[in-house]
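Engineer: Here it is: the structure, laid out below.
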Amino acid sequence: MWAGGVGSPRRGMAPAPTDDLFARKLRQPARPPLTPNTFEPRPARGPLLRSGSDAGEVRPPTPASPRARAHSHEDASRPAATPTRLFTDPLALLGLPAEEPEPTFPPVLEPRWFAHYDVQSLLFDWAPRPRGTGSHTEANSGTLAEGQTTTSDLLLGAPGFVSELGGEGELGLGGPISPPVPPALPNAAVSVLEEPQTRTTTYSLEHADLGAGYYRKYFYGKEHQNFFGLDEALGPVAVSLRREEKEGSGGGTLHSYRVIVRTTQLRTLRGTISEDALPPGPPSVSPRKLLEHVAPRLSPTCLRLGSASPKVPRQLLTLDEQVLSFQRKGGILYCRAGQGSEEEMYNNQEAGAAFMQFLTLLGDVVRLKGFESYRAQLDTKTDSTGTHSLYTTYQDHEIMFHVSTMLPYTPNNQQQLLRKRHIGNDIVTIVFQEPGSKPFCPTTIRSHFQHVFLVVRAHAPCTPHTSYRVAVSRTQDTPAFGPALPEGGGPFAANADFRAFLLAKALNGEQAAGHARQFHAMATRTRQQYLQDLATNEVTTTSLDSASRFGLPSLGGRRRATPRSPGADVQAAGALMWGVRAAPGARVAAGAETSGPDDAEVPCLLGISAETLVLVAPRDGRVVFNCACRDVLAWTFSEHQLDLYHGRGEAITLRLDGAPGQAVGEVVARLQLVSRGCETRELALPRDGQGRLGFEVDAEGFITHVERFTFAETTGLRPGARLLRVCGQTLPKLGPETAAQMLRSAPKVCVTVLPPDESGRPRRSFSELYMLSLKEPSRRGGPEPVQDETGKLVILPPTKQLLHFCLKDSSSPPGPGDLTEERTEFLRTHNSLSSGSSLSDEAPVLPNTTPDLLLVTTANPSAPGTDRETPPSQDQSGSPSSHEDTSDSGPELRASILPRTLSLRNSISKIMSEAGSETLEDEWQSISEIASTCNTILESLSREGQPISESGDPKEALKCDSEPEPGSLSEKVSHLESMLWKLQEDLQREKADRAALEEEVRSLRHNNQRLLAESESAATRLLLASKHLGAPTTDLA
């Protein structure tokens, strides 16, 4: 029948009538296309855009005529409603426009060289998308769907909530990752990019907009201009502009403009643009020209200059810092054994012993009457909300807890409204469970404000072995937050570490809940009201065109030159931005792109500042990867792709859009300027006749020995080099055993090698150096370092000459040694940003205002035996030539260690510049303190050389090498830090005292002039009175 019988559909028989609307929609005959005759000119061929597939011909779309658009009932931009698409796209099935696909590469804000101050400035969008549903946000947050229904003995899953029972890890690029160790920051804790962010505690505070203090730090109390207006597309807007001048590294003056653009969206555009990046024009830039370049979508005609009232800066502070709060409140519910409902927990009158033990660990029980610190809406005068409460502080935050058993109890009231009035309005609630309690279900709590529940169950309470387990339940529109729970949610010992973990979890939960739909809408309304008030009541009649310029024009009327090449703009301290597609792992090999599937790549915004490198997913606005620029080890690149190695050798792949080599060249130039990394080398190592590769490598991947006259030596492998990738896989992913097995058994070994530094030492990241410094033996109780009496290892000149070297002007550090950084032919030929030399040679080095003290004291410290990995000569047989080269290594060591003191030069120069106005005695006292600091540097640096024994036996030297060196690098670093900080504090204190003294002198002079004027006036009046009275006149003047 189906092959062509009477009832076959192929015979054209009409289908049976049906009431199904979807079936009718599918059976409608296709409308024939309209082809009217038009006489429109043929459109010019534009640039062809590559589609998602490389196959097939790509043609530019032909615009339809107005008549065709007028007679067509379908949108021309809407794709054809094919049956396949109708079944796969429910919106097309209902006749609705489909969702627009996301671009392959996320768009980047103009202007190109605007340096963003923080992460949320990278996410600023002139046309923000409407917020999606809670499920959409949750899908983007990377949380597994099955986690929403996971249950345990602590927590029951519920619709609309996401459960965290332990082992989820931190959300990163490509999925969950292990939590970072200090000094690295979690992704959610990264905020400010222009300034260094350090992790001083085990648990970091996340989801905090620390960039909100940008106006207070760089605008408030300084000369700047504010403009307010009502834009037709953006609504009320507020713009702040300020011109800055700072001394460049070459001695000239650099001008830049700090800009803040506020709209009704919660993300604010904050950053800096150099004057050299602006179009050529007069020597002074008008606010209109500046905003036309920085904010091209903002209508300049709607802006008016803000009033000079002191209310305006204060209101802008309140507007920007409404997301910053250092006073937090939370609720604590007490659940006895066998309880689980909301009414049962609210009706517990007295606290048990296990609950009191938990409260004592968490904070301090304070008397409310007369309490002067943060009270969290509790009555501190009449005890109407109870007599006591729980209060504590953590990381500069004041936290007041609303404890259910400490709030007033109302008999014969099952709901306990006096208690629920406080706890029900808290965003974060801690549910304490005694052993034997029922699992907590978040749907039993009826509240619109409670978004996060931290369930804590005690085990063996009131014993020396008390421990706790933790589970978390949050609403779907609340993003994930740390610290991450361990597998199974614990157990946690009852100590200070558990207290810090729980308080950090509570603070981060409240910050994360601010991104939920309800609180986001409330914050948006508040922000809109502030902006509306400023644009309506705090403006003058001065338009943007009539506003004064930032700089006074010179008499010569010299115009600003044409903007320099982008190489002069990559020096900005803020984050420059590129649109990339990122994936974990390395994919570029020997200049060829071997990218994997597209679904493994994530569209991201790449931001590189002078301190931090971040990848931000613009779809859900979270950081998926971050690392300090001092942790960048190396990079391998091709025309459109770049592999970045960081930390212990981990790698990520970045794919960039644009002209071949242009965007990649910009990123490489930026990395050369802000990091200590270099380009890698791809080596193919054949085996000799005996199947050997001809080199030795340790467990960390450092080359310890290369045999002479082997293929490894011929290809350029040297001791001190570092293996980053073996046969296409990174070393951290392989592990030492697998990498060794692959090196022994692979028929052809292809490796990615990181060359040693200029002094021949292995390159390590800052995180590795930090961990090595913690592992060094303590100096306390150890012998004092022995001074070398031979005179052959005098590495540095005396302290006076070192101080003179640090303070004198030097445009560039000493030249590199024999091992120079290698560059491929691709960068020389295709990089349009440099001609004849790399951008790192053209652009001056960024001044480091916060010197890396750890890197100053030791360039590349290593574990015992690391120096054995970089012998002074290739020959290890103890020949006379080898001993001769080693004994004459003093000048080489001097040349290698002197550049390491340059990172202190900016800090010492700043201190001396601040002390320039002091008296001669104070100045010499400062110099003596700096000299003592330099003596500490000399002591630590002089012990980095490896002395050779008098017998000249290299084996004896290696034996001495393996013994731990007396002294601790951490103590040297702490001593150096304390000296510098003390010196800076003393200088600041002296400056403050001098300013107060000058103010007192001015006051005395003013009073003296006033008294002198009054005495002259009295003498004049007395003289006039004596004349009128006829008395003999005397000259009283």
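The backbone N, Cα and C atoms fix where each Cβ goes, glycine too.
Below, the features straight out of Swiss-Prot:
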REGION    1-85  region 'Disordered'
MOD_RES   THR62  phosphothreonine
MOD_RES   SER65  phosphoserine
MOD_RES   SER178  phosphoserine
MOD_RES   SER299  phosphoserine
MOD_RES   SER309  phosphoserine
DOMAIN    316-534  domain 'Rap-GAP'
DOMAIN    682-758  domain 'PDZ'
MOD_RES   SER812  phosphoserine
REGION    830-849  region 'Disordered'
MOD_RES   SER834  phosphoserine
REGION    855-898  region 'Disordered'
COMPBIAS  871-881  compositional bias 'Low complexity'
MOD_RES   SER907  phosphoserine
REGION    943-969  region 'Disordered'
COMPBIAS  952-962  compositional bias 'Basic and acidic residues'
COILED    968-1025  coiled coil
Engineer: Which of the three DSSP states, helix, strand or coil, fits SER178 (phosphoserine)?
Structural biologist: coil
Engineer: Tell me, how many other CB atoms lie within 10 A of the CB of SER309 (phosphoserine), whichever protein chain they belong to?
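Structural biologist: Result for SER309 (phosphoserine): 11 other Cβ atoms within 10 Å.
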Engineer: If you count, for each of the modified residues SER178, SER299, the other Cβ atoms lying within 10 Å of its Cβ, which residue has the minimum?
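Structural biologist: Counting other Cβ atoms within 10 Å of each of the modified residues SER178, SER299, the minimum falls on SER178.
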Engineer: Taking DSSP states H, G and I as helix and E and B as strand, how many residues of the domain 'PDZ' (682-758) are helix, strand and coil?
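Structural biologist: Taking each residue of the domain 'PDZ' (682-758) in turn, the totals are 18 helix, 25 strand, 34 coil.
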Engineer: What mean pLDDT score does the domain 'Rap-GAP' (316-534) have in the model?
Structural biologist: 93
Engineer: With H, G and I counted as helix, E and B as strand and the rest as coil, say where DSSP puts SER309 (phosphoserine).
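Structural biologist: In the DSSP reduction, SER309 (phosphoserine) maps to coil.
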Engineer: For the C-alpha pair, I'd like the distance in angstrom between SER178 (phosphoserine) and SER309 (phosphoserine), rounded off.
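Structural biologist: On Cα coordinates alone, these residues lie 51 Å apart.
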Engineer: Please report the Cα separation of SER299 (phosphoserine) and SER309 (phosphoserine) in Å, rounded to an integer.
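Structural biologist: A Cα-Cα distance of 25 Å.
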Engineer: Once the DSSP letters are reduced so that anything not helix or strand counts as coil, what is SER299 (phosphoserine)?
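Structural biologist: For SER299 (phosphoserine) - judged by DSSP and reduced to three states - the answer is coil.
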